[in-house]
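Just below is one structure, and these are the notes that go with it.
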Amino acid sequence: MALGIWRLGEDAPDLDAAAAGWEDLDGLLAGSGDRVNEGARSVYAAGWEGATADSYAGHRQRIVASLDTASEIARNAARVLRDGAGSVRAAESQLDASWAKVAGIRHFGLLGWVTFYPADDAEEKRVKDAEAEATQIRSALDGELGRCDAALKELTGQWEAIAATWQRVASGQEDGFDVPAGADGVGVLNVGGQTIVNTGSGDDRVTVWTNPATGVTFVIVNGVPYRVPVGQTVVVRAGDGNDTITVSSSADVDVTVVGGEGNDTVRSTSDGDTTVLGGDGQDSVDAGGGDSYVSGGADRDYLDGEGGDDQLYGGHGDDTVYGTDGDDTVAGGEGKDYLEGARGDDLVLGGAGDDVVSGGRDDDTLVGGAGDDVAYAGRGDDTTYGGSGSDTAYGEDGDTHAGDVETRTRVRIELDDLSDFIRIEGSPEFVARTQADLDLLAASPTGQEMLARLKAEHDDSGFLGIGRDTVTIRELGEDNNYAHEDGTIEYNPHRQGSGEGRPPIAGLYHEMAHIYDFFSENFDGTPYDGDATVDHGVAQGERTAVGLPVDHDHDPSTPERVDPDHPAVLTENGLRDELGWDRRESYS
């Protein structure tokens with residue numbers, strides 16, 4: 001084995017792997033412009049013309065040009081990386097040949113250093129000549145790799161320019177062309193194998209349903225059914241307004257929903273493939289059991305891929321995105337996002353902003369991106385990339401962490417050990433979604449403390465194992481969460497808070513704080529009347545669960561303080577601190 005200057009230490013296979021990634025991307029991009037043109041052709045065939053059609057034509061041409069350019073960049077990046085790998089291999093071969101000339105001379109060394117002990121002048125000359133030769137080989141390689149580096153930086157600039165051009169369109173902040181005005185009423189268009197239903201503006205209720213007896217599919221808009229020809233897919237263009245679109249479990253058709261402006265709700269219980277483009281507004285999407293593509297667009301959105309191998313993009317705004325079951329791609333985009341892969345081998349991408357990035361179960365890849373991110377690897381053999389910013393990763397032994405990230409490995413609590421005192425009751429979707437939250441708490445030092453304290457209360461309760469305190473997390477349909485003295489938590493996993501912008505898990509943790517107080521007989525229901533007038537009349541126990549000062553001794557003459565009988569780590573603000581989220585300054 002070569003030592004010292006003859007040992008290169010460069011890994012050509014890593015360059016090959018990077019090149020293969022760019023080649024795969026080129027393969028995805030190649031022909032994508034043709035697919036855009038093909039998709040547009042059916043719309044033009046339906047007679048779309050005028051100013052909006054002309055505007056879209058220019059938009060389409062820009063898309064195709066950018067896709068072609070991106071394909072060329074990917075192809076060139078792969079070529080440069082292959083060239084770099086070839087240069088490394090050639091240099092390694094030359095250095096090995098040079099090393100062979102001196103390997104027989106007595107020496108001592110380890111990997112990157114070596115000291116020779118030549119027996120005579122001839123051996124000393126061989127060493128000096130070989131050192132000069134190795135120096136020349138490495139210098140030539142430095143030049144080759146320097147040229148590769150310069151080429152890659154230029155290509156990176158071109159790639160970032162394309163990303164900047166399309167960032168606002170991709171994140172839902174703008175359309176990119178003049179969109180036709182919404183219709184005053186419902187319009188139905190059958191073209192190119194699609195049934196396109198324009199619901200018009202207003203707060204519409206839309207259901208896609210297949211009659212199990214006849215196999216006929218209907219799109220029902222505000223109570224009026226519209227029949228879908230057999231074999232066609234469905235596109236619902238909901239337009240402006242706060243719309244509710246439901247894809248029923250019987251729907252035997254792939255559905256695309258274009259939400260438009262407004263706070264839209266999309267619920268699918270179908271196993272078909274669902275595409276949702278949310279647009280402006282605070283949208284809530286449950287994508288169902290198929291392989292779904294969901295883009296939340298602008299504003300603060302809640303996205304849950306549920307079953308299937310999904311692609312989920314939060315877009316612009318502070319989003320909450322769950323992959324849940326399947327091998328998913330979960331991306332936050334711009335904003336302070338909460339991203340959870342849950343079950344499956346997931347790719348979780350934070351993007352710009354201070355994000356929470358969680359893999360959940362199985363073997364995941366987590367990328368923080370720009371911003372100060374917090375990553376939870378969870379179960380499985382996971383890989384975490386920190387990106388720019390001050391990042392923190394919590395993981396298990398065996399996980400891989402790369403980039404500038406502070407790694408904190410913790411012993412995790414196995415949820416199998418908790419199932420005897422935590423029950424989840426509700427639909428299969430609710431059970432899977434809530435299990436993902438418990439998985440994150442089991443990967444979190446703060447969450448572990450809560451789970452351990454609740455388990456201790458369980459173990460110490462009852463008599464001879466009978467009548468022990470048990471936590472039941474039950475599905476709730478209304479926009480709220482509740483905790484009860486019997487250990488029941490009513491939980492709405494879609495609830496992101498009424499203004500304070502918290503991820504749903506913070507709401508669950510708040511209710512768990514109440515359960516801890518109920519089990520330990522520490523809940524204080526006395527109305528608060530202290531310094532924070534905004535919370536006057538609220539039970540002191542609510543402020544305790546947040547982690548705020550209360551009149552702990554019921555003596556107005558003494559200063560308020562955080563309840564000394566309720567550890568800070570068991571409060572909502574305790575979890576927020578670890579997640580990197582802003583502290584909650586009041587309950588109300």
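Placement of Cβ uses the backbone N, Cα and C atoms for every residue, glycine included.
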| remark: Which range is region 'Disordered' per TrEMBL? Of 202-252, 355-405, it is 355-405
| message | From the DSSP assignment alone, can you count helix, strand and coil residues within the region 'Disordered' (355-405)? | response | 0 helix, 21 strand, 30 coil
| What residues in the same chain, six or more past the boundaries of the compositional bias 'Basic and acidic residues' (574-588), come closer than 8 Å to it by Cβ-Cβ distance? | 336, 338, 354, 356, 372-374, 444-447, 500-503, 505-506, 509, 532, 534-535, 538, 542-543, 546-548, 567-568
| request: Could you put numbers on the helix, strand and coil content of the region 'Disordered' (261-336), residue by residue per DSSP? | output: 0 helix, 26 strand, 50 coil
| message | What residues elsewhere in the chain lie close to the compositional bias 'Basic and acidic residues' (550-566), defined as a C-beta under 8 angstroms and at least 6 residues from its ends? | response | 513, 516-517, 520, 522, 524, 526, 528-531, 540, 543-544
